[in-house]
Each structure stands twice: as C-alpha cells, then as structure tokens.
C-alpha cells in the first residue's frame, strides 16, 4: 500500500547501480492531483545535505508535484557541485513530467561526503518515470532502504480518504549515513498550511521521540503530500490523528529494525511539571550509553537512570524521584526501592518509567540498547 | 609520591573488605598544617552522592583537615540514611584526629544505590588512621581504584614548594559508578580563595575536557589542599601552572586507562570565534557514538565529524569547515579534501583537527573510541 494507497499517487522503485548487487536504489513518487499541497519537516542539523537545502526551498512554496529519492549516497558535504547534482536531478524529473523543477522535492540517503554517480542516477530516474504505477508504492519503499532489513510502509483509513506512508532508517542508529526519510501521502483535500501544522505536530510526538544514539542526521526529511483526489475535506482532528498514527507506525518500524539492537526501550517520563521537561529527561536517559549497556546486559541499573536525569534542568527534587523497570519500582524517593531481582528484563520490549513527582505531564522517548553489534556495524561502514 | 610529595601531609590506604579479594579500599589523607586552606570542585550532576553533598558543605569553610575516601560503594542515591553514613564517617575521622568533623571531607566511589557496609568501613578508617605516614601516598592512591588498572599519581616541583596528586577513574567511561575522584596537595602557603580560583581554572582545561562517554557522575570530586609547610607564598602564575600540570597529567592517565578503549582521541578545535564554541564543538564530536565507532574501525569518516559539528550553535558556516585526521585534511570547505586513504589510523593516539574558519580561538577535548569491550564491561557491572 505505502504511498500509493491514497488516490492520485503513482510511484516506482528501480535499480540504477548506485547500490551494489542490483538492488533498487531510485524511488519516484508523483502526485497527479488535483491538489499538490505539501509540507515538509527537515533535520535541524546545521550541516544539511544538498537535497535538504533544495527541498526546503521547494517546500516554502507549499506545493510538490513529485519526490525523487535515492539510496546509495547521501549527497551531504559535497559542496556546490553536490547541490548542482540535486538541482540536475530535480530538473530531470521536471522534464520527464513536463512540470516545474521548483515543485520537485529530492531526498538522498547513504554515505556522507561522496558525489553521486550522476549518469547512473539520471538514467535510473528516466527508468523510474517510465515505470510509474498506482501499485508502485512497495517498490518505492524498497528502493530507499540502506541497512534497513525490511521495507517500512504504513497506512490508515480516514472518513472517505486514506493516509499512506513509507520510511527508511535503521532505527536512527546510523544517522550519519542519513538516518531517516519518509514520504506520507493522502488523497484528502487539505491546504499546505494545514498539512504543515499537522505534520509538525505528528513528527514532534513520533519520529522526534526516537533517539537511539543521540546522533542527528544531515539528511532527515519527512514530507506530507495531499492529492485531494478523494474530494474530501477531512475533519481536522481525525486527519491529524490518522497522520500521527502513520508516523507512529513507521517510527515503531524504525525502532524495531535498529542496527545491532536487541531491546526496544520505552523511556516513559511521568509526573513532570511540563511536557518539555518530560521529553528532556527521556532524551537524556535515552542517550546514556551506560544505561543502554546495562539494559543490554539485562541489568536493572536504576542508578544510571538517576545519574542521567540529574544532568537535566527539568523540575525535580532528587529525593522524590521514583523509577520502575518493567513495572518494578526499583527506586523510590531517590533511593533503593523494591527488590531489583524481581525485574524481568528478558523480553525484547523494556519500559523504564521515571516519576519526577513534580506535576502531571508526561512523554515517552524510544531508544534501543547499545550492543557490540552496533559497534561492529558502525566501525566498518565506510571502509 | 602522590599526595604525600608535599610536606605536611600523611596518608594511608588499607583494605577493609568493601571490595572483594582483599584489595585496599579505604584511603585517608591528613593535612598537618600549619595551614589547612582548601578548595573543591564537584560534579554538576543534580543527583549528587551523599559524600558530595557533605563535602560541598565542608568546603564552604575553605578549610580541610583530612579527606577520607572509599572505593567499593558510591553512597549515591541512598537517601537520608546514606547521608548519615557519610556524616558518621567524618565524625569517626574527626574523633581519631581529635578534630572537627566540619573539616573532614568524604569521597566515595563504586556502585550507585547501595548502602555502605558501615561496620567494615569504620573499622577500616580506624586502621587507616593508625597507619598514616609520610610515604602513604601510593597506598592511598591504590585504595581509591575501582576498575582502574593502574594507580594514578602525579607531582610537580615549584620554586620552593611541591604539588602532588592522586586520582581514580577509568577514563570517565564508567561515571555512573562514580567516575572521578582526585586529591591534590601542596606545601605552598596559599589562601583558600586563591586555591579555589586556581583549581577551577585548572579543572576547566583538564578534567572537564575529558569526555569519553558523555555521562556525568554523581560523585566527581577534585580537592586541592594546602599545608603551607614549605613556608613559601608561591608566584600566582607559576602555582597555577603547576596545579594545571598535575591535573593534566592525571587527566591523561584517566584517558589512557579508559575501559575498553583502544584509541586516545584528541579533538582539536581551531579557528573558533570563542573558546566556548571550540569546547562545545569538541564535546559534541567527542560524544558521537558513530564517530567513536568509526575511529575504532580505523576509518577516517569525516562525515560523522561534520554531522556532529552541525548539531551545535557554535559560529561557523558549513561550507567553510575543514577537518584533518592525523594531519591529513580529508575535508576542505565542507566537502571531500585530500585522499582519505593517506590517513594512518593505526597508532593509539588519534588527533582530529576541526577548523571552524570563524576566528582565532581553540580548545582540545579528549575522548576514546567506542568498542565492543566497553559494551561488555558496562553490560555486566552491577550483576
């Protein structure tokens, strides 16, 4: 289903030789309208890949006719020549669709610092345009994989419309190879402003709350395109709910596919004075290598939770902190609580609950354990 | 030499059964004066161990008669009872020295969240007081080791005075087991205010620029004690230089002894608009798990350097960044530079130079690589 689940979209995924072994590496998603309203959320990294710089410009217009994506190269840190490569890619798609390059978004993923093989890439774009179809969503999702072991797609049905999506990213565990790309489509009729509002809110509580190694990619891009082909103006609340569900579904798939991870860890922060505090604490704990190693070793080492919480400026008193690991309150009032030997850390899913005892707000941040396999995969990537 | 290199200090290190295997685990350092001026720098973690809370109070008076240190337990996250244990330890030392507990500093290191075995500890303090000697510095340094594979001591000679020191810490790689303790002594005659000024400046450019896993301990403590026994009021500049050298020497020993590390990485940031920017960038790069894995794999993956730099708010333009790895400028003007195959990453010492092209300030942050051994050591610590 993927991005072609909603009406008005065609897609394709083809091999162009950017990845070795003949795997698909060029994806094209085309919005046939009648609307082409669109919104995008991009990495906050100040070192942005050429396609991010390009697509940010495109999205200021609030209209996207097509998105062309490639794996096999991030086109990041490639200087003015790399930007020209992105521009040329957009121009190529525009020519093939007899449209304006200013409404063609570009996404790239792969290794940083190397130019793309443009001849192969443009030939692949040609082929992708020729094989666009209403059931090309799965091939497109396949073409954006890097170290992803599975294709990531999701869809939800609204009242008279659909929301579909695809994503790539092996759990944000390798963001320097350009972590996460996602294209979400809908056939509902929604203005660009409303798409922007909905997408920002959805991303903030889904993709933004994945934090598997604290690194931030140069290429992260999430796009939301509306064709309006279903002829339905959706209820604003329902539409936001469906888009958020698709983002959450895709984010969960990223987490589960995290490179080298053996545990999916939910850091659930409750009793916060502000939601922002809860997110901040969740993120600090999610970034503690020591805790992530402990969970890998199935050790409910709550001291490492507290020492991470203590690095934040969230509202809390150290002697009022409570921590549960998989439901056992091993830390109460900032000191040892229930018997830690009762904690069962064998399941893949682990929940660490942190009660700040400072209010009523909460947030959950998702991360993974730190493993020798993570080290191995990321020691050997570019060589 | 250690803390007893300067005149006026006695020390001891004895086994009290806090660590298994009969290793020394209680250290005592006594200042016999005539001065007992002192200063301390403590962890900025808001979750502070009981001995940190206690010693911070002691140091507000600017006077320390003795420091008692234990390994085998951090006494962190132990609640009011843990604080009473620290208080009782200080009272015990005070009684043995016929002095005031208000001038007895306490440091602990080991696992978070467990009470100390007070009976054994107090018996050990008794024994330590009985074996204090002018050449006890090495035994004291030995007694504060946790996973440290070597004893860490340093000293420097000033004009008519000495500065000596000891430290523990396996490279800040295990800060949740209470990373770093250090006691530095001098027989120069220096006021508490001046000690405080000198120590803060010295720590800021040495211990504070070690960042091996981004974690922050609940127990970090660096103390500087002056006996005045040499009868010399030192030149302020020279004294600061000597103290900084001792701190740098100890910091280097921590780095080299880092758990599981195979590389000592200096992140040298130059061309910064402000020193603060240089430190910020150095720290961001030092905390990139992806880069640390790459260096472990002897892969000069400069894209991971740039993507870490891009997460900071330092003054720089992405297309003016230059990066050298062991002297080879693999990134120039934000894109690929010299041939990366020329980089020799086989030596243990690795220097990554980042030129922000934004000014004349610089700073160096030290870190290590991320290895499967780090994961193994920290997966199994408390179980």
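Heads up, the Cβ atoms here are built off N, Cα and C, so glycines get one too.
Listed features, source TrEMBL:
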BINDING   B:146, B:168, B:179, B:259, B:378, B:383  substrate binding site
ACT_SITE  B:179  active site, nucleophile
Tell me, how many other CB atoms lie within 10 A of the CB of residue B:146 (substrate binding site), whichever protein chain they belong to?
22
For chain A, which of the binding-site residues B:146, B:168, B:259 fall under 8 Å by Cβ?
none
Which of the three DSSP-derived classes (helix, strand, coil) applies to residue B:168 (substrate binding site)?
strand
Count the Cβ atoms, other than its own, that fall within 10 Å of the Cβ of residue B:378 (substrate binding site), considering every protein chain shown.
30
